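What TrEMBL annotates here:
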- A:Asp57: active site (ACT_SITE)
- A:Lys26, A:Gly27, A:Gly28, A:Val29, A:Gly30, A:Lys31, A:Thr32, A:Thr33, A:Glu246, A:Asn273: ATP binding site (BINDING)
- A:Cys285, A:Cys288: Zn(2+) binding site (BINDING)
- A:19-335: domain 'ArsA/GET3 Anion-transporting ATPase-like' (DOMAIN)
Amino acid sequence: MDFELEPTLESIVQQDTLKWIFVGGKGGVGKTTTSSSIAVQLALNHPDDQFLLISTDPAHNLSDAFCQKFGKDARKVEGLSNLSCMEIDPEAAMSDMQQQAQQYNNDPNDPLKNIMNDMTGSIPGIDEALSFMEVLKHIKNQKTASEADASSGKSEIAYKTIIFDTAPTGHTLRFLQLPSTLQQLLSKFQSLSGKFGPMLSMLGGGAGGQQDLFEKLNEVQKNVTEVNEQFTNPDLTTFVCVCISEFLSLYETERMIQELMSYKMDVNSIVVNQLLFADDDETPCKRCVSRWKMQKKYLDQMGELYEDYHLVKMPLLGCEIRGVNNLKKFSKFLLKPYDPKVDGGIVTELEEK
Amino acid sequence: MLDLHPYTILLLVFIVLLFKHAINEVGKNNIQDWAWGYYIKFGSRIGLSQFAEYNQKKTELNKVNREKRSISAQDQYAKWTKLNRQADKLTAEIKSLDEHISQNKAGINRVVGLVTMVLTTLPIWGFRVLFRKSVLFYFPTGVLPYYLEWFLALPFIKTGGVGLTIWMFTVNSVLSSLALLVSFPFEKPVSKPVKQTRESKDTKTDTKAEIKADTKADTKATN
């Protein structure tokens, strides 16, 4: 068993089946750059298909990465007609949901109101699930809107792949373990409501509202289960980990991979960012050389540890990678391994924005 | 039906009740704990597979953890992480084994409960049903007035005889008195309550006042 997997993301970019690509990692390792690069490469390699890049990070870096303002609705990237971007604030989505819940149950004397809020609030992963569902709803709305457009003559937008630039808040995908939790909870609720339903209706006078809530939770569970099935199917979904060649970043990456594997998600690519490649510099800078030595130490360890992963090594460039053209230049190296002798020029030749 | 000599019944009832009292004195929880302890001890000795596995996993985990601690995570990251993965896996396995074994504990407790019931409650009820009419012995004539003898013989036996009801009542009261006598010396002594005198109260308030004064002085000084 001594075959090496190619150190590129070719398997992801050249595929035909993937519907969801998640890009994740701790803050500051280049998630947004990597996800933008993947999106750009996908768009370049499949000019006939549409792609969507979604950022759920409240810091909203996509606008900066593409030097173009994006918002809640998908907007096309200037210069790449088959790539759209959108920025969604998960917090806002969550508060929207809460407001909606209030609408369902607006009786101030309802004794169950607070209990319900507390209970639904304390299910692990529910907030992530809700914000994620909000995202999915957005996409669906987009689709129906475009279908309406289609009837008026415009062509329908169906995204071949959706790339997620996840927020660095750790348990981004904790909601993947939600369906089982929710199932238990719902069966408890249902048996309770069967027993106490009449009493509750006497107390609160609004068992109907409660029923609505159960239905809502049921719906949530159904949606989450559906999403779960899609996400745990390696043909449809994959996760790309981004890290830098330093101890803590590697450690966090390892933990993330273990967690994802416990959710049965497919992880087979790791992008190592910000490498210095200082071996053949004409005018060696001492700091770069010694730091590159350290990076190499961790790279070696990673090679040993993640034998069966695609380990993509990306260089650290001279300035921030912003704008479609720069992203195009940079993202090449996702497919063709960076060679400092041949490609060294890119470090300094990016257009300043 | 069983045809037992009255004295045999008498003795058997006494023994069963003695046993019951002994169990009550020791406590059901203690007995269950002992049973559990023996189950673990002999279970691993006669090689119930899960115990062997559990112990082996535990030692393995210890070994892995020791090894993990002995190397530097930063210098040998790959090795350390591999050990870490192994430790995580072992911990998960141990946890599931643990759960499995503690399920057995409920079973053991059930067995203990069943055994105590079979040995105490059931025989007593059996005796009560089967020998409700048998006379164990008779009072010597003239010891008790007739109406008392008639009352004590209720509801099933001849006047002047001693039945199971009386016998069990007597044995129970004697045994509980005996149990109290035997266990009393082992009870923890309770310290005698001391009556609070007015002086001790005064000193307490005094110290409080002093502390307050001190803190005030301190705050003043800092100000």
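Cβ from N, Cα, C; glycine included.
Projection of TrEMBL feature records onto the structure.
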residue: A:Lys26; record: ATP binding site; DSSP class: coil
residue: A:Thr32; record: ATP binding site; DSSP class: helix
residue: A:Asp57; record: active site; DSSP class: coil
residue: A:Glu246; record: ATP binding site; DSSP class: coil
residue: A:Cys285; record: Zn(2+) binding site; DSSP class: coil
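Taking the Cα of A:Cys285 (Zn(2+) binding site) as the reference point, the closest of the recorded positions A:Lys26, A:Gly30, A:Thr32, A:Asp57, A:Glu246 is A:Glu246. The candidate set comprises the recorded positions A:Asp57, A:Glu246. Of these, A:Asp57 has the most other Cβ atoms within 10 Å. Counted over all residue pairs in A:Lys26, A:Gly27, A:Gly28, A:Val29, A:Gly30, A:Lys31, A:Thr32, A:Thr33, A:Glu246, A:Asn273, the record's binders of ATP, the longest Cα to Cα distance measures 19 angstrom. In this structure the C-alpha atoms belonging to A:Lys26 (ATP binding site) and A:Cys288 (Zn(2+) binding site) are separated by 23 Å. Cα to Cα, A:Thr32 (ATP binding site) and A:Cys288 (Zn(2+) binding site) are separated by 24 Å.
Of all the binding-site residues in the record (A:Gly28, A:Glu246, A:Cys288), the one with the smallest CA separation from the residue listed as 'active site' is A:Gly28.
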